[in-house]
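Working notes for the structure below.
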Amino acid sequence: MELRVGNRYRLGRKIGSGSFGDIYLGTDIAAGEEVAIKLECVKTKPPQLHIESKIYKMMQGGVGIPTIRWCGAEGDYNVMVMELLGPSLEDLFNFCSRKFSLKTILLLADQMISRIEYIHSKNFIHRDVKPDNFLMGLGKKGNLVYIIDFGLAKKYRDARTHQHIPYRENKNLTGTARYASINTHLGIEQSRRDDLESLGYVLMYFNLGSLPWQGLKAATKRQKYERISEKKMSTPIEVLCKGYPSEFATYLNFCRSLRFDDKPDYSYLRQLFRNLFHRQGFSYDYVFDWNMLKFGASRAADDAERERRDREERLRHSRNPATRGLPSTASGRLRGTQEVAPPTPLTPTSHTANTSPRPVSGMERERKVSMRLHRGAPVNISSSDLTGRQDTSRMSTSQIPGRVASSGLQSVVHR
């Protein structure tokens, strides 16, 4: 049975969940392209997906903003069809053994500051800045950082007059506690400064592998938030950033010094990290850690395969004394065995297919996994966002949740 939305998009398997609603892999039937489809039950009050889709539409045209293909209602669901993206920074962080190099962190920081600045220029704050909500593009856009999930976004100023929202206190925590600003923990209304402070914690998370306030135990969620808040406030910025370039501490101190309605100096923050980038002698080649890991795994797999073939060739010759001294091709023909072709060297720019059947080594499996991850395919993921990945740990290729199948979405049965 084939499920369709908007009479143009084929609904596939579930690939994640956003702030509100579930996300599915889909196909644009006319174009033959894969898309991401976000669904929300029409009974949801207020209709969060409708609000989020309106924000996305306001953001359209910005660099690193996913393209919206279609919005509407289908059966019992509100639907938003979006551009399909690659893995999140959280997925890639795990892929890189939870450690990014300084070069990769600085390349990311530059783009992430720009994404947040763009959202602010459109009169909104994101309020959930975290690694899961930054995704890499696919194909030619593989080096572009996207920002997603506007389910918690809020307008902070009037679009026409630029009148800022008023300062308020006693607000509940909105966002993710791990990356929330101190003022957010204190119940203060969020503004532009809070998005940027959250980004500072994300960058230190990439440096450290984890933040000091992770893994704290508590009986209730409220108590856990309080423990995180206490640890965050009792950890001086200089202690958090100790052992890393001073620019990270400078960044966080700058964010914390901003007043509620201040416009941040985004250019200053970008330049802070760009100057560090140049002093380190890095090149703006947009080669991230996961690119190197992918290529390194490919080279290692190729070397291992070459070594395996050499071993087999030596073993074959040792078992067949009559063929010693003959070229391998001649001996192969003489004995009626299959000719063994020399392995094709793997280079970054050329991949020659080898159609000969052969066992797949562990190293080669790792290479394929790394390449699939780089393209956005599933590798033990659990992201909460719009991605081009499949959560195979929870759902098989053929599974589509029953509540979607019975929703009144257009069904096409091929016999």
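Glycine is no exception: its Cβ is also placed from the backbone N, Cα and C atoms.
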What does Swiss-Prot list, out of LYS38, LYS43, as binding the same ATP as ILE15, GLY16, SER17, GLY18, SER19, PHE20, GLY21, ASP22, ILE23?
-> LYS38
Name the secondary structure element type, per DSSP in three states, that contains SER17 (ATP binding site).
-> strand
Hey, does DSSP put ASP128 (active site, proton acceptor) in a helix, a strand, or just coil?
-> coil
Among ILE15, GLY16, SER17, GLY18, SER19, PHE20, GLY21, ASP22, ILE23, LYS38, which the record lists as binding ATP, the farthest-apart pair of C-alpha atoms sits at a distance in angstrom of 14
